[in-house]
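First comes the structure, then the notes that go with it.
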Amino acid sequence: MSFMSRVLLGVNIDHIATLRQARGTRYPEPVQAALVAEQAGADGITVHLREDRRHINDRDVELLAQTLQTRMNLEMAATEEMVVIACRIQPPHCCLVPEKREELTTEGGLDVVGNKAWIAQCCQRLGQAGIEVSLFIDAEESQILAARECGAPAIEIHTGGYADAQTIDQQQQELARIRSAVAFALAQGLIVNAGHGLHYHNTLAIAEIPGINELNIGHSIIARAAITGLDEAVRSMRSLLDTV
C-alpha cells in the first residue's frame, strides 16, 4: 500500500479518561496516552467531550490541543455550548454526534434530515473557525445527502450495526449497506470516515472498502492496552490497516 492511499487510524482515548474518572484520580493521564498512541502510529487522536463530562473534560481537550503532534478530532453534540468551545479551541477536526445522557456509548447516527437547519448553522460556524466538520451518520442515502446540503465536507459512517451483528448473514448485509453508502457519499464529493464498535477481528473488512479515508477506533484498542500495553495495541491496529 502506498503511503498516500493508506487508511488513516484515529485512536479514541475516551476510555483512558473513563478509568481515571472511575476513582476520581489524576491518573491515567489522557494526554500521556495520546502521545504514546501518536508514537505508535496513530494518525490522529479522537476524544468525545460529552455534555455530562463523564470521561474527557475541558482541561483534557485544551491540553491535547496544545500538545498533539498529529491532529485532534473532537467529537461533540451539536449544541450551542459545544460549538462555542470548539470555536475557541479550534481543533483541526470536529465530528458532530448524537448524544443521550442515559446511553453507555453513542447508539446511532445523527439525524441530519430532521435537524438540518441547526446542523447547517453549526457546520457554518465551525467551518468559519477553520475546523473541518464531519457528521456521524448511519449508512443511509438520505442522511448523506442532508450532510452534503449542510455543508459538511466529511461524514463518519456509523459501523455499530455491522459490529453488533449476531450472525454472519446479518454482518454481511450490514457490510454491503456500508459499502453502498461509502460509494454514494464519495459520489457526492464527501470525505468518508467510519467507526464504532470496530476491533481487531472485524476492522479489516471496513478498511478494505474503496475510498475509506479514516477509521476511528477506541474501546478495543484501550481494552487490548490493558493486557499488552498501549504502544503494542496501537501498533497492532496500525499493522492491520497496513495490510489493506
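Cβ atoms here come from the backbone N, Cα and C positions, even for glycine.
Under the three-state DSSP scheme, R23 (3-amino-2-oxopropyl phosphate binding site) falls in the helix class. Same-chain residues at least 6 positions away in sequence with a Cβ under 8 Å from that of R23 (3-amino-2-oxopropyl phosphate binding site) are not found in this chain. The 3-amino-2-oxopropyl phosphate binding site annotation in Swiss-Prot covers N12, R23, G197, G218, H219.
Taken from Swiss-Prot, the feature 1-deoxy-D-xylulose 5-phosphate binding site covers D14, H15, R50, H55, T105. The number of other Cβ atoms within 10 Å of the Cβ belonging to H55 (1-deoxy-D-xylulose 5-phosphate binding site), over all protein chains shown, comes to 21.
Positions annotated as active site, proton acceptor by Swiss-Prot, on the basis of sequence analysis: H48 (among others).
Its Cβ taken as reference, E75 (active site, proton acceptor) is surrounded by 26 other Cβ atoms within 10 Å in the chains shown. Mapped onto three states, the DSSP output places E75 (active site, proton acceptor) in strand. If you look up Swiss-Prot, you'll see E75 (among others) marked as active site, proton acceptor, on the strength of sequence analysis.
The Cβ neighbour count for E156 (site 'Transition state stabilizer'), using a 10 Å radius over every protein chain in view, is 29. E156 (site 'Transition state stabilizer') falls within a strand when secondary structure is assigned with DSSP. Taken from Swiss-Prot, the feature site 'Transition state stabilizer' applies to E156, supported by sequence analysis.
Summarising the annotation, Swiss-Prot assigns active site, proton donor to H196 and lists sequence analysis as the type of evidence.
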Q. Of E156, H196, G197, which recorded positions come within 10 Å of D14 (1-deoxy-D-xylulose 5-phosphate binding site), going by C-alpha to C-alpha distance?
A. none
Q.
Can you tell me which of the recorded positions R50, H55, E75, E156 is spatially closest to G197 (3-amino-2-oxopropyl phosphate binding site)? Compare CA atoms only.
A. E156
Q. For H15 (1-deoxy-D-xylulose 5-phosphate binding site) and H219 (3-amino-2-oxopropyl phosphate binding site), what Cα-Cα distance in Å is obtained after rounding to a whole number?
A. 7
Q.
Check the DSSP secondary structure of H48 (active site, proton acceptor), expressed as helix, strand or coil.
A. strand
